[in-house]
Amino acid sequence: MYRETRGNNVHAQADPEGIGWKKWEQLPRPQANADMGFDFPIDLSLEPSNYSDAAVTNLFYWCNMMHDILYQYGFNEVAGNLQDDNFNRGGKDNDALVALAQYGDETDNSLIFVGRDGKRPNMRMFLWDYTTPMRDGDLSNDIIIHEYTHALSVRLTGGPSNGACLGYGEPGGMGEGWSDFVAMLITTKENRTAKDSVTIAGYVMEGGTIWGTILFEVYWAFVSKYGYTADFYSASETHGNTLILKLVILGMKLQPCQPSFKDARDAIILADRLLTGSKNLCLLWGAFARRGLGIDTNATETGYKNGFGVPNECNIG
């Protein structure tokens, strides 16, 4: 058992100098107290360097939490999850996440380098200089979830031994959309409705905004029909928010390398057929069609021509 912010799933440390990947093992980590507690003071009126231990601890906690939640949805050892020891359950060892807090080489951003199974992912969380004092992305849980979800989508799309299926263009934009979608899904509370304005950033991120918006249309269709549970670890198939997360993740496993919007849509619909016997076929098609990704959507040289149609069996009433 470690008495600092590292373990089988995550190695978290502060990197204010931005020395990065090669020397991460030498960076300092918060140390537990005598009761194995990681309870550090934080004063947001001060610059983030004054509460780096609290920031690293939050980053460590949320990355571990995402590992444990996503494991219940199929992001396990065989699927290429992030672990140093896979306990002989398949996949490749020695690829726990390296999470660098308060990374000093840049501001106003966050990023992660993933790679194929067996390659150690590297997450870098930056400070934000829009305010005085600066703000710390390590305390923004949606940013942490966004970056961690890149590991999910990269490892699952095209299989864990690939790692290069979402690198650019439409697939790259969709990677951003999945990351925003999962971040908003995990942080959305029960009392929110589809009419509430929920954002992860106040600007458009090209294809990521489109795909994330489409997925959230599907999310609300499922929550409206099946309801909500705050127990994300249950991976419940009887609640809308956890069921759609399960379908989206299974869809990632089913879709091809370098997927298009239509490929990913069809993979989610196939996932529903495999998981529920197409119980939600028309619910899915209706949600996709409301955002222009219906059955009659056509790709063009410059993008897509909206399609709002659904299969004949869904044209009832």
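In case you wondered, yes, glycine gets a Cβ from its N, Cα and C as well.
Annotated Zn(2+) binding in TrEMBL involves HIS146, HIS150 plus, out of the candidates GLU176, GLU190, the residue GLU176.
Mapped onto three states, the DSSP output places GLU147 (active site) in helix. One residue stands out among the recorded positions GLU147, GLU176 for having the most other Cβ atoms within 10 Å of its Cβ: GLU147. Between GLU176 (Zn(2+) binding site) and GLU147 (active site), the C-alpha separation comes to 9 Å. Cβ proximity to the Zn(2+) site centre (mean Cβ of HIS146, HIS150, GLU176, cutoff 8 Å) flags the following additional same-chain residues: ILE112, GLU147, THR149, SER153, GLY175, TRP178, SER179, ASP180, ALA183, GLY208.
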